[in-house]
Amino acid sequence: MSSVKIECAVKEKNKIGESPVWEEKEGTLLYVDVSGQKVCRWNPATNQIHTLKTDQYVGSVVPRRSGGYIIGVGTRFAAVDWKQQTITTIAHVDEGKSNNRFNDGKVDPAGRYFAGTMALEVRPAELERHQGSLFTLNPDHSVVKHFDKVDISNGLDWSLDHKIFYYIDSLSFKVDAFDYDKKTGNISNRRAVYHLEKDEGIPDGMCIDTEGKLWVACYSGGRVLHIDPTTGKRLRTVKLPVDRTTSCCFGGQDYSELYVTTASEGMDEDSMKRQPEAGGIFKITGLGAKGIPPYSFSG
Ligand SMILES: O=C(O)[C@H](O)[C@@H](O)[C@H](O)[C@H](O)CO
Ligand SMILES: [Zn+2]
């Protein structure tokens, strides 16, 4: 077995780094800084970061098949023209809930954008409960609301056979699964596939690997969990040198590198001293696992 190597690849600090997506064509890593209110694109070859400021908190960014990106910003779905550096609203959600914002999101195997909302936090993980919902932006730009009463809508991905949708509502401290209908985008039959242990922190972003196993970043846990969703067992724990690990995706050559975003927001001076790399993005190699290419929004 090769040895695991963990390095801080993107040193520029995010307040809340999130939603990492590998862009194979350019060999770049796309992500957001939620409360830093920006969409970022890091080029490993040049170590340059290009950013686009948003006018509100941005929860996630996904590639769009016709070019550019789609984001969940504030309580809007919006299109990003990266070349023109413009953001155009596509649809509104959670109308009347002015204290809400989009959080994590990802494109499903049929090209729909799934993203959920949450109330704004007073402090990390402290917020008015049950205010969020999970939505889908369809390719025709219609919006579907799947369910409400979500605390912190977070990690999501689909099984390799496209029959299961995995989902995390962070404050439930578990990873859930739904039956997923690729044709309609409907999800049903919610059940738990993994319950976090006390010291594992708060489940946040996640991604699937080529074996159908999940990698779950744990906020306040300083770790990524490798989970088998069919047995409900944890296969492995990968610890990082910072506590606030937020999300992960595979990227790089053959999708064999795991990129882990982290947050620095809300840390006091002391913990910043102890964790100087907080807010950076980590690259983990030697895991012996690989990911799959991200799906693009087809609308
Ligand atoms: O990363 C996210 O998904 C949210 O934007 C964050 O706010 C954290 O999850 C939260 O603070 C801890 O649960
Ligand atoms: Zn998250």
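Each residue, glycine too, has its Cβ placed from N, Cα and C.
Look at TrEMBL and you will find ASP204 tagged as active site, proton donor/acceptor. TrEMBL lists GLU18, ASN154, ASP204 with the feature divalent metal cation binding site. Positions annotated as substrate binding site by TrEMBL: ARG101, ASN103, GLU121. Summarising the annotation, TrEMBL assigns domain 'SMP-30/Gluconolactonase/LRE-like region' to 16-263.
Its Cβ placed at the centre, GLU121 (substrate binding site) has 18 other Cβ atoms within 10 Å. Cβ crowding, taken as the number of other Cβ atoms within 10 Å, peaks at ASN154 among the binding-site residues ASN103, ASN154.
Reported as a whole number, the C-alpha separation between GLU18 (divalent metal cation binding site) and ARG101 (substrate binding site) equals 14 Å.
Only ASP204, of the recorded positions ARG101, GLU121, ASP204, place a Cβ under 6 Å from an atom of ligand 2. A C-beta separation below 8 Å, combined with a sequence spacing of at least six in one chain, links ASP204 (active site, proton donor/acceptor) to ASP104, ASN154, GLY155, ILE168, SER170, VAL216, ALA217, CYS218, TYR219, THR245, THR246, SER247.
DSSP gives GLU121 (substrate binding site) a coil state; it is part of no helix or strand. Apart from GLU18, ASN154, ASP204, the residues listed for divalent metal cation, the same chain places the Cβ atoms of SER19, ASN103, ASP104, ILE152, GLY155, ILE168, SER170, GLY205, ALA217, TYR219, THR246, SER247 within 8 Å of the centroid of those Cβ atoms.
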